[in-house]
Each structure stands twice: as C-alpha cells, then as structure tokens.
C-alpha cells in the first residue's frame, strides 16, 4: 500500500488537473488564487455543462441523420487511490479490453491477503488477453474471460474473494460481464446512457467470487451495450460508486469532454472527486443514503475505501 505522503502527492497532482470551471460546477473548493475570477469561471462552467432538452422532446440541435458506420476503438486510462490496497485492474485499449476487481475486505485477517483473489483474477485475465490474437469479429468475450480467470484462481486455491468487471469493445458493441458492486456507466452527449446495476445480497454485502462460500461465475451479469463515437465509459470499484452519484459523475464527464480532457485526466478528476467525497463529513453520498434506507442510520458522509477509476473514450 502506498504511504500517506505518496497518496497526498498523488492527490496534489490530481488537484492541479482540476480546472476552476469544474470546481464551480461540481461545488469543489476553489484555489485561493481563483477567488477574484469567480464570476468569469462561473460563466465558463455554465457554458460547458450540457444544455437541458426541452420537455417532451429531443434536443433540437441534434441531427436526425445517423452518422456513417465505421470501426470503433477505445482510448483508455485509469487512476487508483489505495486505502487498504485491495483493488486491482488493467487497461488494454489495443485489445479493446478494460477490467477491474475489488478484493473483499471481510477476508482481512492476520496471515490472509484480502487482495489475493482480486489480483489472481486480473492477472489471469490479463495474461489471456495478451495471448489472444486481436482482430476477431466478435472480440473478446468478457464472460468467458471472467470464467477462465476464475477457474485458474480456484485451481490455485487462492485465498480471499472479489467482485469484478470486464468490458470488451467488439465493433459497435461494448460487451460486459460483472459480479458484485463494482460497476460501469456509459455517457452519451453529456448524459447518462447506461448504468450497470449492483448485485448485492444485502446492504454492503455484494455478490463475490471465491474458492468457497462465494457466488458462481454463472451469477455474473452479462450482456452488451451499443456504443458510438464520442461515448464515454467509466468503470470503477465501489470506492467510486459508493461516493459519487450518477448525476455528479455525469457532470464531471460532460465538463471533461467540453474542456478537452484526456481519458487519464478525466480518470484523475473522477478519482479525486470520489476521494474528497469519501472523506467529507456532513455530505450525503450513495453509501450514506443506502445505509439510511436499509439500516435506518443517520450519518451523512462517504465511505473510505480503495478507489479505482477506468475511463474509456469511444473513438
């Protein structure tokens, strides 16, 4: 796990990447030097956010004609902010594949590496992706890849348990397979287009893969989402989605695209926002709202956790 000074350095680097316009739009703290230019920054922020559609109709500025079909690919990058250092992931844009896993903290104990199963899943999946010849019409099957990676981890009697998400771009289809509360979302024209649904047994108890006492790969959600050029895919562990709402994520993605941020810059900004939300008291988050709904708690704060964010631009 990274030492606290390293984490602070990472967050400082992320902080420098966040434009003041994004800070205003998202309610983040402005840098001290930005106060004098607040009015101008606010104006820029408003102009960058997506325009609302008229009630009962589509945006009149949208063209009715479909763009000509062409081969799609992804440009992807990631950001990882460790807490217990139990998340792991890989990004392989040349193969059109990104994946992440979150080791279940409930296995944390002396002599037990709670991250072991997650790391085994991602290592096995990555090795198979690297060994697979790219260019097949159907692309890589995320469900088959998850199943193979799981079987290898079970055969090795790997300790721990893990949630996981694997995404693969095949033509104009983003194929997916996931288990548990690690999730992904697709944004189109500055708006949420698709969001995966968390698989949980009960509050804070997600579906998970393990050698024993876990769920089977057959429990994984799988399918495909039709994507097009300009779409943005954001995948993350629960450290992201427990602390950032879909609406907040939508605004960050829209602002990032309007400001021309790269996938890496967007991933950094999203992770930085999630970290700030996870450490801020007196602020409702998806985690606190769900806890209030399911357990009757009254706290208003985020959830400290590893935060993994993968951002892919469809181009």
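One is the number of the first residue shown, and numbering goes on along the chain from there.
Cβ from N, Cα, C; glycine included.
Given the structure is predicted, the values throughout are model-derived calculations rather than measurements.
In Swiss-Prot, the Mn(2+) 2 site is described by 238, 305, and among 102, 113 the residue recorded at this site is 102. You'll find the Cα of residue 103 (Mn(2+) 1 binding site) roughly 11 Å from the Cα of residue 238 (Mn(2+) 2 binding site). Counting every protein chain shown, the Cβ of residue 103 (Mn(2+) 1 binding site) has 29 other Cβ atoms within 10 Å. Neighbouring residues of the recorded Mn(2+) 2 site, listed in sequence order and excluding 102, 238, 305, comprise 87, 163, 181, 182, 237, 239, 240, 242, 306, 307, 308 (Cβ within 8 Å of the Cβ centroid). The candidate set comprises the binding-site residues 102, 238, 305. Of these, 102 has the most other Cβ atoms within 10 Å.
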